[in-house]
Amino acid sequence: MRIKDCILAIDQGTTSTRAIIFAPDSSIIAVAQQEFTQHYPNDGWVEHDPEDIWSSTVVVCRQAISEAIAKGARIAAIGVTNQRETTVVWDRNTGQAIYNAIVWQDRRTAKTCREMQDKGLFDVVNSRTGLLLDPYFSASKVAWILDNVEGAREKADAGDLAFGTIDSFLIWRLTDGQVHATDVTNASRTNLFNIHDMAWDPKLLEVFNVPKSVLPMVKECADDFGHTTEDLFGFSLPILGVAGDQQAASIGQCCFKEGAIKSTYGTGCFVMLNTGTKAFNSKNKLLTTVAYTIKGETHYALEGSIFIAGAAIQWLRDGLGVIKSASETEDLAKSLDDDHGVYMVPAFAGLGAPHWAPDARGAVFGLTRGTTNAHFVRAALESVCYQTSDLLHAMAEDGVSLDKIRVDGGMVGNNWLCQFLAGILDVTVERPKIMETTALGAAYLAGLKAGIYASCEQLASMNEVESSFDAKMPSSQRRKLIAGWENAVQSTLGYTK
């Protein structure tokens, strides 16, 4: 049976690269995944080898394409989604990175960002980008590479270096150096892009000391990003959609209307609220960012960023050996009648919104001789829900009210987590039928540009909810649990002072 107009979605994440091929009805034809090594050269530093990212991308794409073709699929286009903010600088002549990719979790430029803040530069950055002066974003990472790799500044000034987030690096490699481009969502996460003018900002380039010569061209999310070379997959494919992972997940969840909100639970957790065609400025340390630009119309989003979500479970598995697989966590959490006062604050890479404390470090409170592995697991899962509650509280302070939230990401296959989340948030939690919403969003963008889908309205009509979790927690219990969490967070912040 022939399946025409399939889309290959490349989902390049923090810990693995996935290739998923979707049929036009959004059903999955083929999936391939490969993890790659995380590098921690110093305290608070996180790096990836760009060659690991590239090789894993080629491997999973070839595997998925082979499987899909064997099933009679014809692939029409590629959509790309990626870990945002992670920064690569490479030589335009050789295509080789001059330093490892500095990952979004990396905190090495915290001092630089504090010094810039002390110089009164916060408003200069925030008013243009909607972001904060934080090492999370790309600008200070680019500057660090240019300042710390011998000869890099000279090469950049000569026009021999290119900077990009992971999407740009992959597009460069996929097109054999023919296209140096990014999309508006990834550009909006660099601290170099003016989200009101929708262009690279000369003042920000001056402030961060980043030369314009290294920057990629900025395109819409559903746009022409060039073609792959035939030698990669045996035939050339157009790259027609690009978005950062959280924006792609929002698109995959069909959050096209103002007020639609989703929360993605992967390595980190990211809550994104569509605020329509106007940028909404938070007074509670939430980020204003670009949700997407499609067919000339830009929508903005209010975003809360949590650095550690699924990464806490990964730490329990790989760092402490508490579990062998993430699949064990649901049964372990359910094995306890309550949390017994154990709280985990997973500030392994500082705390994100709404605290923005880059120097914070992780802690576990309430340990006794009776504490078991199950308590650690439950505390880790609960910490994700409490952090989400912090974000929604900040949104409420900004005047946003909601009665439901759409969730996605690898963690939400855990029913216990979804039910606890609904209780702590006091809202209905909706889980989609297709869990791969990040990759699906990239596929939707490519499909829109390819003409497979006519409009965002058509995509919204295809969206299906698999499960709903209603809030069942008594308000007194909710208040008690959140008070315990807030005490744990304040104790953690106090430790770092």
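The first residue you see is number 1, and the count goes up from there.
Every residue gets a Cβ built from N, Cα and C, even glycine.
Here's what Swiss-Prot has on this protein:
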- THR14, ARG84, GLU85, TYR136, ASP245: sn-glycerol 3-phosphate binding site (BINDING)
- THR14, ARG18, THR267, GLY310, GLY410, ASN414: ADP binding site (BINDING)
- THR14, THR15, SER16, THR267, GLY310, GLN314, GLY410: ATP binding site (BINDING)
- ARG84, GLU85, TYR136, ASP245, GLN246: glycerol binding site (BINDING)
Local Cβ density at GLY310 (ADP binding site) - other Cβ atoms counted within 10 Å: 20
Among ARG18, ARG84, which are binding-site residues, the residue with the most C-beta atoms within 10 angstroms of its C-beta: ARG84
By Cα-Cα distance, the member of binding-site residues GLU85, GLY410, ASN414 nearest SER16 (ATP binding site): GLY410
Recorded ATP binding residues, THR14, THR15, SER16, THR267, GLY310, GLN314, GLY410 - maximal Cα separation rounded to whole Å: 13
Candidates THR14, THR267, GLY310, namely the binding-site residues, that fall within 10 Å of GLN246 (glycerol binding site) by Cα distance: none
Candidates THR15, GLN314, ASN414: member of the binding-site residues with the richest Cβ shell (10 Å): ASN414
Candidate nearest THR15 (ATP binding site) in space, where candidates are the binding-site residues GLU85, TYR136, ASP245, GLY310 and distance is Cα-Cα: GLY310
Whole-number Å value for how far THR267 (ADP binding site) lies from GLU85 (sn-glycerol 3-phosphate binding site) (Cα to Cα): 14
Cα proximity to THR14 (sn-glycerol 3-phosphate binding site), best match among binding-site residues THR267, GLY310, GLN314, ASN414: THR267
For GLY410 (ADP binding site): intrachain residues, at least 6 apart, with Cβ closer than 8 Å: TYR265, GLY266, GLY310, ALA326, MET435
CB-centroid shell, 8 A cutoff, ATP site THR14, THR15, SER16, THR267, GLY310, GLN314, GLY410, site residues removed: GLY13, GLY266, ALA311
